[in-house]
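Asks: Structure below; questions to follow.
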Amino acid sequence: MEDREKHARKRKEYIDQLRNKNFRVTEITNDNLAFYGIQAPKEIFQKYRYLLKISDACSGNSTDRNISLKNLRDLMKSKVFETRFCLHEVKFQLYIIVQHQEHSFRMDYFGEKVALYFLWLGWYTFLLILPAVIGILVFLYGLSYFNSSPLVQEVCESNTVMCPLCDSGCKVWKLSDTCSYAKLSLLFDNNGTVFFAMFMAIWTTLFMEFWKRHLASFVCEWRVTDWSESEEELILELVNDAECRPKMYKHSYSRTALVLICVLVMILVIIGLTHFLVVFRVLVAGTLAKDFRSNLGAMLAGAVLHFLIITVMTKVNRIVALKLCKIEETRTFADTEKSFTVKMFTFQFFTYFCSLFYVAFFLGRINGHPGEYVRLAGQWRLEECHPSGCLTDLFIQMAIILVLKQIISNMFEYFGPLFKKFLEKKKRQHKLQRKCATCYLKDDYQLKEGQELCENCKLRDWHANYELTDVDSFSLFNEFLEMVIQFSFTTIFVAAFPLAPLFALLNNVIEIRLDAIKMVTLERRMVPKKTNTIGVWIDILEAIGVLAVIVNGLVIGVSSDFIPRLVYRYVYGPCVNGTAGVCMSGYINNTLSVASMADSRVKFDPLQMITDGINATSCSYKDYRDTDFNITHQFWLILAVRFAFVILFEHVLVICKFIASWFIPPVPMHVKNDGLNDKFRRLQEELK
């Protein structure tokens, strides 16, 4: 009861303050719901425009404003349109300007900040077409060797007996039993993926550079090129209170150190969850262990658990990031938003990708060898990779997380507000559905300047908007975060999943329309905000581009079998001595080492060595070791070539990125010339 009275007192004080500043406040009560219509005086906007000196910043005639929100929603159902937004006088009645230009509909409704999200999403989706096509070609290239590859034939026709995958409950198994798995590996671990990874690293740079040009064109058209966020904040403070004092910048080393420590602790917690995933996969593999298919089951179970952890940690990460922003005591909301964005993305990035980094760079490389396996708690053996490579494990992990994330996120994002709207519509009172002959004509009100809706029609509109899903200052952040995480998937580990751009393209074609429908028909209107950039997201995208070069180089050089195949072809293969035949013949057998039961260090149970009526006296495992389990010269040669390739790959692509950045101007020449001519005309006018 006390909280309700306190809330009512605060609301009354706030309404009184607005009225003291000549705001027009209309109150309508309906069944325990109090609606307030607030309209600012024209003097507020005159001061704002005078101080910002952008009185001609927004295009459009006043007659255009009579297009109703319903017409816009009908437009959404009939045609895909491009959105452009600009802030007009903020009256309680929501005016929408729909302009037809170059066969696209543009809305001056949500403000430039939302407009830039749709602009960026549309540009990102458009540029995904080329990577999607090339990814399909790379996939088809691997598919063309599906049955004819000598590596696949060697696995499928092999009589090699492989060592047991666990200490008890599983037996030796034949390499030929995993023929299908070897074929799947070749689809995503072939020479085409090297080219595709290089292409995607350059594409990331081109995407960023062309986005800057695309952004500059629209920013110039909207006349916010010289807009300054700090100046905007000062102007808004002065318009609200001419006697106010600006908030001073301040910095606290103790608070910064505390926040940094908390961020590091949070990252360690997320990495600890990755260790939990590793333990879970090991336990599942040990429980299911009979042949190599048990590893596939453990991989699928681990991917599903990883997705569940992502779902839970997204909420935890948000709470922690907000708490840390409060500790920082940032000067303005814009500073808070930037700080929150960096922290939240960092937490989400580690949540999504720690498990993928383990699969890419540690799985099958730290598990030991027969007689000296690495164990968890001295009991459970770590997982092993298939003899045809470890890249398939990474592909399956990525595919499950990416596809599940996109499908489930879109379902909750769209059908959640839609279901809520359906429930609220059933509860809506009948009297609010009554038509008004004065204000409404065929559900659309056409008002002349100075006219107002009657109280019943106002209540109808306000109640309809009240039933929509609520939004807050971070609603647009959620949309950006979802797309930037997807951008990370399509660039960072793209060498393991060439079809990622295709899945991203298909998702975005649906996403961009669902987001527009959701914002217009299912959610309340976001507060319009000016901006001329996508903010700190541009720096995050640049960082992802650099990280993509490093990670893809490591995936090709370390995770894939591209380098071992290259070394075998030119150093150890049959073609080295001029022997006729297939140059890659015998490669799989070359990557395997043999453990003999006669060796006292090998402690497999004799019953584990019996399979299909064969009592094996030795078994093979994937590694480069001799009969005494010493690392061979070939291992060190491959390791040296791996490091050399990674260094060369990264340096070449970084140089290409710098050349592309230098070669492509960030601002089109016509935009620079328009700005130059505009400044020249203004100087001429001032001189006169």
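Quick reminder: no glycine exception, Cβ is built from N, Cα and C everywhere.
TrEMBL feature annotations, pasted as is:
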type     : residues : note
DOMAIN   : 108-673  : domain 'Anoctamin transmembrane'
TRANSMEM : 114-141  : transmembrane segment
TRANSMEM : 193-211  : transmembrane segment
TRANSMEM : 257-284  : transmembrane segment
TRANSMEM : 296-314  : transmembrane segment
TRANSMEM : 345-366  : transmembrane segment
TRANSMEM : 484-506  : transmembrane segment
TRANSMEM : 534-558  : transmembrane segment
TRANSMEM : 570-588  : transmembrane segment
TRANSMEM : 635-660  : transmembrane segment
Asks: Under a criterion of three or more Cβ pairs within a distance under 8 Å and sequence separation of at least 6, are the transmembrane segment (193-211) and the transmembrane segment (484-506) in contact?
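Replies: The answer is yes, given that the two segments have at least 3 Cβ pairs within the 8 Å cut-off.
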Asks: Do the transmembrane segment (345-366) and the transmembrane segment (635-660) come close, with at least three CB pairs under 8 A (pairs 6 or more apart in sequence)?
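Replies: Taking Cβ pairs at least 6 residues apart, the transmembrane segment (635-660) and the transmembrane segment (345-366) are not in contact, as fewer than 3 fall under 8 Å.
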Asks: Going along the chain, which residues at least six beyond the ends of the transmembrane segment (484-506) come within the CB cut-off of under 8 Å?
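Replies: Hits for the transmembrane segment (484-506): 124-125, 128-129, 131-132, 134-136, 138-139, 188, 192-194, 196-197, 200-201, 204, 345, 348-349, 352-353, 356, 360, 391, 394-395, 398-399, 401-403, 405-406, 537, 540-541, 544-545, 547-548, 551-552, 555-556, 559-560.
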Asks: Below 8 angstroms Cβ to Cβ, which residues of this chain, lying six or more residues outside the transmembrane segment (114-141), approach it?
Replies: 82-86, 187-188, 190, 192-193, 195-196, 199-200, 203, 206-207, 210-211, 214-215, 218, 222, 476, 479-480, 483, 487, 490, 494, 498-502, 504-505, 508-509, 511-512, 515-516, 519, 526, 528, 531, 533-534
